[in-house]
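The block underneath contains the structure these notes are about, expressed in structure tokens.
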Amino acid sequence: MVVPEFRSPQCRALCTKLLLTLWVFSFVGEACKKVTFHVPSTLEADKIIGRVSLKECLSSADGIMPSDPDFRVLDDGSVYPTRTVVLSDEKRSFTIQLSDSKMQTQKEIPVILEHKKKVLKKRHTKETVLRRSKRRWAPIPCSMQENSLGPFPLFLQQVQSDAAQNYTVFYSISGRGADQEPLNWFFIERDTGNLYCTRPVDREEYDVFDLIAYASTADGYSADLPLPLPIKIEDENDNYPLFTEAIYAFEVPEGSRLGTVVGTVCATDKDEPDTMHTRLKYSILEQTPPSPGLFSVHPDTGVITTVSHYMDREVVDKYKLIMKVQDMNGQFFGLISTSTCIITVQDSNDNAPTFRQNTYETAVEENTYNVEILRIPVDDKDMINTANWKANFTILKGNENGWFKITTDPVTNDGVLCVVKPLDYEENHQVTLEIGVNNEAPFIKDVANRIPTMNRAMVTVHVKDQNEGPECKPPEQYVRIKENSAVGSKINGYKAYDPETKNSNGLRYKKLQDPKDWVSIEEVSGLLTISKTLDREIMAPRNDMYNITVMAIDQEGKSCTGTLAVNIEDVNDNAPEIIQDYIVICKPKMGYTDISAVDPDEPIHGPPFQFNLANTSPEVNRIWTLNQVNDTAARLSYQKTADVQIYNVPVTVKDRAGQSATKILRVNLCDCTHPSQCPLRSRSAGITLGKWAILAILLGIALLFSVLLTLVCGVVTARKGKHFPEDLAQQNLIISNTEAPGDDRVCSANGFTTHTANNSSQGFCGTMGSGMRNGGQETIEMMKGHQTLDSCRVAGHHHTLDSSRGGHMDTDNCRYTYSEWHSFTQPRLGEKLHVCNQNEDHIPSQDYVLTYNYEGRGSPAGSVGCCSEKQEEEGLDFLNNLEPKFLTLAETCTKR
């Protein structure tokens, strides 16, 4: 076992005392319950073996030490190998020693490790002796002074091993400061175990060096377990305390109470914490301006507070403090640092705005408004352009009629007094106002209790007289007129007056607005004359007033406008009217129906209504009955034996004043379950045609006659052998129909072929369809102009009806009747349709089945089928013989 050897007598005495204490504990120990662990033959390092219950053995144990150094025990009872252990016997045992230093008691827990027997290689006898289990003491920590002056190397302590009594032991160390960074700061003498330091050490850089000492024999075996050697660096007051900020900036409101916290300064010290070297004290070295002293600082926390309430921003708005911090608890030999603290006094509303004068005078002309009449300046010592400085003006007295308004100029802070409603000189020659002013921000309480917060001033406004126009007061005047009053009747009109003379003399009146143009106005007197019959019922809304706008003009042309509200009194000039015209009653589900009436007159001339069957026939009286339901409705009932049909039932309704009206109701007594099931039958009898429907029918008939007349004329013309003149044919541009995609050949003007797509002969003109040419199919083409019925043999040996393009041919050979043309084309068209239906998809092609009408003969134009665009340019030579009016169009057609 390695034991440090100290040369100091005090250290030796302390070690002797510790040994005696442990020796006493060894004799008073008691054994606890044995613990057995079943483990493998090889135990890996730092891998738990098991856990023992320490509290059951000694609950107050403050020391835990296993008897075998190959194992360690944690506070929770967990047992770990300190290294890889190979068990040579079937069992291995050791004890866990628990000690209580206060009670001076010790107990032991026997631990047995069992495993299956395994033959192991015997080890050297020296190794067995060197690794005998013995008790080990922790060394007393060693320390050295920070920034030591030496001499170096500086001796620290000597380390010795118990094995040195029997063997030659060599010492070595490892750890930070020896074989780890920083390297070679510590070394140990190989033979003596003396430990040295080679240089001064800064504690703020390295506060402790955890070295490990080793003792080994010459042949390399460890003579004892490694011994931890912590080297602690003792602190020296070599660091100044430093403030966290070079300049602190704080703010405090002016007029603050005593003890108001301004801010906190803080400093740090790199020396060892919780020592005198880091115990700091704060103080104020200097204040600018120096008097009076307004601030103090707590020596331990650095909190700055106010010590006076006489802090006025308007006197001093900024203070500068020099702060000091000193370590060693503020003793004179402590290290000192300083910092600057700037304290800005924030403005508070402690100064009221004041008027520069107590009274003001101004003048304004009557009938003027929205004009500025006076500016009132104020003074305020608070900070400019803040809520504490901005003025808030109020009219306290004299503005009960709302003539004036006062606002604040945001730039100058002046009060701006304006007139917002016209003043009348005849009513008030002058007006006296009391104006008050305070700030937008409220006053602080201390100031508000000492001085008044609102300053006051008196303003006298003189009203200047001017020549005014007439006044229309009140702006609305009322008059009553009975409905249907006689035309020409006169009633009172609107009356205005001159404010100077207080009468209407010299005023003229003019009507500005009369919605129905019912009245006229006399220019001088202003009386109204009824020019049309008044009808209350056409007003909207009916119960509202009828407003007439009138203008009054004085001799100088000044005017005013007013409204004459006419209340038109109702007379009973309207009979009640039944709302329904047509009614459906489902028999037998509905035994009756209700009818109702309305009267546009006022209620005094309206309901209750009386309903009766008027001048009815005996049949209607036998089937229908009418009973009153309420003031505006009656119930129409029928007899069960009534037939299902439409009835005309006359009903008379009379109001309370005797006005009556009769209406014939069309009642459809229908066999249904709901009235919606017979709307057609109920309305068929009453359907009438409007004028537009009759006009459409007449136009349709005229169109039909035109079509029939055209067909008749065409048949008569064909029978007489008429044909189109050649000059007319020359004036028509390609008027043709086609049933095939187009032509494959072009004919010259003399009737001979100039170009063919298939087999052709001179003197014949044939056309070949392009739709199904490979299948031997042909197209039938009908041209308007000179036509011949020729047979042109082409592939497939089918005939075609072709037309020659232009030329002067024999007229007799070119004229054929419609029946000849029809007999020629019908079989071929049928054949075409039959072939189209033989398509594999059995879908007819749109290029073949086309519907066209016969257009006559004589047209030199060719086909306009889908392939007609493939014609050559010379196919349009006939355009050269057109009339002059077609030359421009012809030039356009021949351009490419």
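Just so it is clear, glycine is given a Cβ too, placed from its N, Cα and C backbone atoms.
Bear in mind that TrEMBL entries carry predicted annotations, made automatically and left uncurated.
Quick look at what TrEMBL annotates:
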{"type": "DOMAIN", "residues": "136-243", "note": "domain 'Cadherin'"}
{"type": "DOMAIN", "residues": "244-355", "note": "domain 'Cadherin'"}
{"type": "DOMAIN", "residues": "356-477", "note": "domain 'Cadherin'"}
{"type": "DOMAIN", "residues": "473-578", "note": "domain 'Cadherin'"}
{"type": "DOMAIN", "residues": "595-681", "note": "domain 'Cadherin'"}
{"type": "SIGNAL", "residues": "1-31", "note": "signal peptide"}
{"type": "TRANSMEM", "residues": "692-716", "note": "transmembrane segment"}
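Per DSSP, the secondary structure of the domain 'Cadherin' (356-477) breaks down as 6 helix, 55 strand, 61 coil. Looking just at the domain 'Cadherin' (473-578), the mean pLDDT is 79. For the domain 'Cadherin' (136-243), the DSSP counts in helix, strand and coil order read 4 helix, 46 strand, 58 coil.
Per DSSP, the domain 'Cadherin' (595-681) is made up of 15 helix, 41 strand, 31 coil.
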